[in-house]
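> TrEMBL lists these features:
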DOMAIN    A:26-175  domain 'Casparian strip membrane protein'
REGION    A:1-20  region 'Disordered'
TRANSMEM  A:75-101  transmembrane segment
TRANSMEM  A:113-140  transmembrane segment
TRANSMEM  A:168-188  transmembrane segment
There are 2 protein chains.
Amino acid sequence: MMKSGPAEGGQLTQDDPRDHKANWGISISDLVMRAFAALGTLTSAVVMGTTDQTLQNVGQFFLFRRARYNDLPTFTFFLTTNAIVCCYLTLSLGLSISQVIRIIRSTVKITRIILVILDTVMLALFMAGASAATAIVYLAHKGNAKANWLPICQQYNSFCERISGSLVGSYFATIALVILITLSTIAISRC
Amino acid sequence: MMKSGPAEGGQLTQDDPRDHKANWGISISDLVMRAFAALGTLTSAVVMGTTDQTLQNVGQFFLFRRARYNDLPTFTFFLTTNAIVCCYLTLSLGLSISQVIRIIRSTVKITRIILVILDTVMLALFMAGASAATAIVYLAHKGNAKANWLPICQQYNSFCERISGSLVGSYFATIALVILITLSTIAISRC
């Protein structure tokens, strides 16, 4: 990697066209992954938030006949984390775009550091919501004979299908967040 | 920040004593947080793995009289993720120590980048295990009337206390991992 001179307070110093192209590639990838992750969280939140099933014919064994996401607090937590992370990703798209078009060239490095820290916090928060919901979905499907928790998905199959689908978007967004942190770290090392 | 000359392939270029001291401080903090996180995961894994309660007087309502962590698959997953992250943190202590004493000075930057990426993956894995277990512990304490899942902690109070305690170590380790990623990112930006 060629450098033209001493590094100065946060400014890009690479004048080599290959370096310039590589940095631009990283910025574009960051933008695309961020938009992809925002879309994943939005889809998950919408699918979870609109999940509603009312049973027509049901025995007396199950106490609820209408199943909504907020019947289980974990799903409410999942929806909240999705909403927070979706808002953050949408707002951070602005910073990502500014890096692509380099309108705030002098603050590229500090912007990336802030993005890595916030991305990491969001990854932790998001993973908490997604895996807590997965644990409950797993329980809803399989139940647990030892604890006498019966599976509810036999009755609420449409409800279970939708909440399971909602998790898929979340895991894509998780992978996108890990890639985002990796890209930003590489970008910082090249500043 | 003063730099003495052009940055060269991954080598530290700061010759300013203040910069040197700051970098050393970051390396020491990295080492301490890594050891702290490893201890947290180890404690959690040991507490979870040794949790075992047998009830002497129990009605017919609950199907199990002996409660162990592997009665619930989520706790087995939690123990597995704790074990993996604990092994990783212990192994990475070696790299962290090498940064403190700077025995592999020429690869400081690339080492830090690898550590950030692995730390991020471990954070995601670890958070998945911890929050899935938290969701089940919450259910064990509170139950869910809508899904007809009754709380089991009224019977298995010692079991529930231990697994709840096990989660505390995990959350300390999570905070330590987030701080580790932040420290490494700042260190990379200074290389």
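Any Cβ shown, glycine's included, is placed from N, Cα and C.
What does the local environment look like for each feature on the list?
A Cβ distance under 8 Å defines the sequence-distant neighbours of the transmembrane segment (A:75-101), meaning residues of its chain 6+ beyond its ends; these are 24, 27-28, 30-31, 34-35, 37-38, 41-42, 44-45, 48-49, 69, 108, 111-112, 115, 118-119, 122, 125-126, 128-130, 132-133, 136, 163, 166, 170, 173.
A Cβ distance under 8 Å defines the sequence-distant neighbours of the transmembrane segment (A:168-188), meaning residues of its chain 6+ beyond its ends; these are 23, 26-27, 29-30, 33-34, 36-38, 40-41, 43-44, 47, 78, 82, 85, 109, 112-113, 115-116, 119-120, 122-123, 126-127, 129-130, 133.
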